[in-house]
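As recorded in TrEMBL:
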- 64-83: transmembrane segment (TRANSMEM)
- 95-116: transmembrane segment (TRANSMEM)
- 137-164: transmembrane segment (TRANSMEM)
- 184-201: transmembrane segment (TRANSMEM)
- 213-232: transmembrane segment (TRANSMEM)
- 278-303: transmembrane segment (TRANSMEM)
- 341-358: transmembrane segment (TRANSMEM)
- 370-391: transmembrane segment (TRANSMEM)
């Protein structure tokens, strides 16, 4: 229930820990507390108490600005190096005049890309039994694109999704479970075939990617997927580890006993809700699970199809299967890039894959157009959308 603590959640069993912590809230200038029938104080859902975006992402606007500048610098550096390597005849970037059919195809693919991205999170929430209007997922697509691409390893994207859903009445544990499941499904669809493609594709046999980096990629993928499976199936490990961390902060006098009690209670409550959400997904109607899987596959297919569409628009012969395989590997490598939005790494791998498929004068255009359509355009839309969401109060309900 949104309006109060779920008192069915098991209480913390350590001696001296409270079942619930009273919350004072301003009503008519006074500070009041509301007990329920059992005398237990309930914590109302107050939208104004939700954390701001800045505090959610570390509380340091300067840090986020630094990441944004780093993203822009790295995104521009690789195209600049390509520009430097081009022949003397290709001094000016030539943008061809696209046909109406090509522009309509690009617009249609963009719509499919954004809508399938919104659908995959909404379908996971549906499988979890969380009722939220599908249209509320549309702004989150662009907000996620903005914050995931200005934070290292896309960490800001998950946090901002949780913040947004909580703002619309979704419990913290359920929102965390939804974003985790959304990530796990996409990761499995990418991580399972990617190492196999790296080893078996003739086109990559003589490259350092296949000869030197495959064992490392397999190791990283195993650790990445293993972490999420441990989070799902060994949830108590994480509860114990985080509880010990809070205890240590208390011993170091970094937090008060009152705050320790409150945080321990919140931790256990939301982590248990998180675990229940995963069990709810596994026991959800097959149609809901299938919708989550199919929408994720559709999203990835649309994402990987942009280079193929650009090749067709530029007049090249397109091997669609090859392009999809190369982009799957590219996205797999981008998961481990430490730079914000994988800037620099994404452009470099893309250039390596497509350098022999297009003319030199078209390579730079391909790189710029691909990143603009898949990342930069969504980020640009995300700026006014984020401002509008911040100016609008949360609904408190889905």
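The first residue you see is number 1, and the count goes up from there.
Backbone N, Cα and C atoms are what each Cβ position is placed from, and that goes for glycine too.
These figures come from a predicted structure and were not determined experimentally.
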List, by number or range, the same-chain residues at least 6 past the transmembrane segment (213-232) whose CB is under 8 A from its CB atoms?
180, 183-184, 187-188, 191, 194-195, 198-199, 238, 278, 332-333, 335-336
Non-local residues, at least 6 beyond the ends, that sit with Cβ under 8 Å of the transmembrane segment (278-303)
109, 112-113, 116-117, 119-120, 123-124, 126-129, 177, 181-182, 185-186, 189-190, 232, 324, 327-328, 331, 374
